[in-house]
């Protein structure tokens with residue numbers, strides 16, 4: 001019994017090794033450009049595969065020196081700012097991204113740098129929360145609920161994820177590769193709060209703004225550089241402020257070997273598609289559609305960066321206001337989701353599935369007017385009109401996925417969406433596909449059971465060579481079959497079976513990920 005149990009354990013370990021090898025192969029590509037973070041205090045994770053595809057779309061930057069009458073963060077946090085900075089004002093360098101944000105960088109001599117820094121030490125101590133786990137771990141992230149709606153790239157957030165690596169993750173799909181996209185990064189680097197007793201990660205929410213501060217944190221791979229103190233402030237009007245108090249070395253000198261080094265913003269949309277071979281399992285692919293990269297040479301002690309949100313299509317709630325908008329986007333209105341969009345936001349999959357890429361912004365509003373006129377034309381034909389409208393809606397739903405998409409990016413995304421594109425008219429095909437999936441699973445299970453049975457029989461014969469079952473199989477091995485004997489004597493060359501003089505030791509080398 002002892003030998004048999006050891007054999008079973010060996011079989012289990014063999015399958016575990018194969019599973020680990022497959023997992024390593026699946027995640028190897030992600031590890032090339034990202035690092036893994038552990039998530040604490042979140043909802044149970046859904047067992048789904050997540051991959052990150054960092055597609056970048058070109059955007060222009062404009063640099064100029066300007067004066068500003070921007071509202072100060074002091075309106076949200078009065079009398080709680082860093083003291084001792086120089087009051088002399090200098091020119092403000094404005095980097096204008098003509099898409100989603102305008103960034104303004106203030107040097108250590110700018111008075112605005114003092115105004116934008118929130119002195120968290122002067123706040124009510126009972127309202128300042130020091131996160132115990134983040135302050136004592138490495139590569140850890142935790143969910144934080146907001147008391148207000150925070151607009152990020154036009155989307156309203158009520159929950160964020162604060163990471164020890166100097167950034168905030170803003171995505172709804174929580175995965176381990178948080179540094180890839182969907183982040184707010186005042187200074188993303190390989191910080192480890194656990195290496196020093198003075199290192200903390202704390203935050204404060206006063207109902208209109210959230211301040212997250214990384215206080216006296218050190219780099220894990222270069223502790224001798226000194227401690228960093230910086231913060232990110234998220235304001236309910238969409239403004240984002242990065243404040244820097246202690247930056248002991250130029251940011252360009254921070255190593256990115258073990259962790260990405262980034263300063264800026266990023267957002268992405270998620271495409272969910274099914275896997276044909278495995279039912280009830282979905283795969284999420286994350287596409288980055290925009291990124292703001294700030295100049296790292298401008299990040300110094302007592303400097304600050306303010307990012308002002310620009311108008312987006314998502315803020316328009318009607319067809320007329322959408323198509324007549326004069327902003328930096330080509331806004332279009334889609335009837336089915338009742339949404340205004342440029343086509344690239346977090347609702348991208350819904351936009352493509354509903355055929356919104358085919359709708360013209362010049363004719364959509366006219367269609368809405370015609371539909372309204374039909375509904376008020378007569379009351380006697382109410383039932384007939386309702387039936388026609390339902391039929392039209394069903395037809396539209398059946399053709400949600402466009403047959404001819406205008407751009408290469410749309411085509412690539414559509415290929416992912418086809419896995420989800422089963423319409424209401426294809427119920428029979430769905431049942432057939434479900435039957436095929438069931439048969440495939442049963443076949444795989446039978447094959448696995450046969451392989452396990454063969455392995456167990458071989459192990460049993462090895463440990464019990466004199467048993468009746470072993471002798472029975474040995475006497476009926478293929479070399480004893482009549483056909484094999486006839487072939488051996490038919491003039492065809494054959495190899496003779498010989499017993500080895502001495503046994504050779506074999507070994508298996510297993511590599512870990």
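Note that Cβ sites are derived from N, Cα and C of the backbone, with glycine treated the same way.
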- Message: Among the residue ranges 397-417, 418-438, 439-459, I'd like the one that Swiss-Prot describes as transmembrane segment.
- Response: 439-459
- Item | Distant-in-sequence Cβ neighbours of residue 198 (N-linked glycosylation site), under 8 Å, six or more positions away | 215, 216, 227
- Message: Tell me which of the glycosylation sites 145, 206, 330 ends up closest to residue 222 (N-linked glycosylation site) in space, Cα to Cα.
- Response: 145
- Item | Between residue 206 (N-linked glycosylation site) and residue 330 (N-linked glycosylation site), the C-alpha gap once rounded to whole angstrom | 36
- What's the CA to CA span in angstrom from residue 330 (N-linked glycosylation site) over to residue 145 (N-linked glycosylation site)? 33
- Item | Tally of DSSP helical, extended and coil residues in the domain 'PSI' (312-357) | 16 helix, 6 strand, 24 coil
- List nothing but the one residue from 206, 330 whose Cβ has the fewest other Cβ atoms within 10 Å; the candidates are the glycosylation sites. 330
- Query: Over all shown protein chains, what is the count of other CB atoms within 10 A of the CB belonging to residue 145 (N-linked glycosylation site)?
  - Reply: 9
